[in-house]
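**Student:** To start, I am sharing the structure in question, which I have written as structure tokens.
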Amino acid sequence: MDHDLEIFPLLSYVLHHSDPASHAPPSLAIQQSLANRYPLLTNPYVISSLIESIPSTITQTLFVFGSLGPRPDPLAVSSARSKIREIKENDSLSPEDAAKEEQVYAAVVSLEEVHEGYEKQLRDLEEEIGRVYASAVESLSGGDEVNEEVLAVIKDAEDGGVVERIDLSDHELKLLPDALGKIVGLVSLNVSRNNLRFLPDTISGLEKLEELDLSSNRLVFLPDSIGLLLNLRILNVTGNKLTLLPESIAQCRSLVELDASFNNLTSLPANFGYGLLNLERLSIQLNKIRFFPNSICEMRSLRYLDAHMNEIHGLPIAIGRLTNLEVMNLSSNFSDLIELPDTISDLANLRELDLSNNQIRVLPDSFFRLEKLEKLNLDQNPLEYPPQEMVNQSAEAVREFMRKRWEEMVEEEQLRSVIEAEKQQGGATGWLSWGSSIVTSLFSGGTHGGAAKKPKNSFLDEQL
């Protein structure tokens, strides 16, 4: 468990539900205690409200708090403070000597004060979560969150009406009723630009749903049941507060477009690419993603990938398998993206590549193999190869420069191989060459040692 979070049970519980991979769950005893004290804690609306109340700086706060080490013993702190007072009251000590003696005791007091400061931050946050819980429960009891238009649509469907498309965008919705999942004939659902914090699990009942627009809401997580939408082709969750996508999303095998941009994602599900084999467009820009899962290389249908403004450290070695990829934007990953794998040159259909605002110094030697590349942006990189004057010309100029560089490297390698082979051959047959030279000298009338020689007979030129 995170450092000392046992004393902040509510915070511990919410952190685990917001990011299970980074935060361990509270002990069973604490979970039972929380269930008794907060009976609606598992309600989707309530837990989403609590997750939303967690500040984005909590990760840094917990990291610093955890790196402080053990808290000083209270008796040691009290003793240190007494010693500091004694030193200050001792007039016989010079200011320099007093400062030296105070230094050891001041370190103990300072560490205690830092602990107190961070613990107060977490305690205040624990209390704030409690207040948010009370407010969320009160909102639930109000019963006025379900829009009348939503209820009318559901009633129409229950009365036998055929409802294929629902557009409830800009309706200030706070929640969707469970009964929405009963509209089995629904093909398109647009609930963008509302105040939704969660989706009901019953959304899995929309078996024919092909388009789902959840953009510009306040969602902090997606239900696992979303993986049961087997006919879903377009999913838009941009502009929410998602910190992760459920593993079950890989089961949406019909998905063609996924827009998860402008969230708080730090990673993608490990199995992401194994299921989404039909995905053509993936937009994950404006997140905090550091690495792509290796499974993304299995998404052979992918044509468009936008991952700009993240914290991408590099691409998987097998990225070259995305042979249908046409557009890739990796710009503005700043100090995190410093190199590209050689396999990027296997992206045979790549037409546009944006690598601006990174820390790339050298392009892969095989970069010239991107024959279809038309647009290349390398602005704001500390490039050494190719030189900036080539970069300023065109993608074709860069490609041609890298081609010539490659040919020169091949020639150098071939020459090196020939020289190495001759060295090895010379070492293995040196005695034979020496013996042959003596025989040649004798037959030609010369002497071994450099005297003038007559023309050699041609048969002596044959390899022994």
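Cβ atoms here come from the backbone N, Cα and C positions, even for glycine.
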**Student:** Could you check which of 74-82, 290-298, 398-406 is flagged in Swiss-Prot as motif 'GVYW'?
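**Tutor:** Swiss-Prot lists motif 'GVYW' for residues 398-406.
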**Student:** With Swiss-Prot as the source, which of 106-138, 205-237 is set down as coiled coil?
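**Tutor:** It is 106-138 that Swiss-Prot describes as coiled coil.
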**Student:** Across the repeat 'LRR 4' (232-252), what are the DSSP residue counts per state (helix, strand, coil)?
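**Tutor:** Its residues divide into 5 helix, 3 strand, 13 coil.
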**Student:** Let's see if you can do this one: DSSP helix, strand and coil counts over the repeat 'LRR 5' (254-275), in that order.
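**Tutor:** Secondary-structure breakdown of the repeat 'LRR 5' (254-275): 4 helix, 3 strand, 15 coil.
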**Student:** Taking residues 6+ outside the repeat 'LRR 5' (254-275), which of them lie with a CB under 8 Å of any CB in it?
**Tutor:** 19, 21, 56, 210, 215, 230-247, 281-299, 306
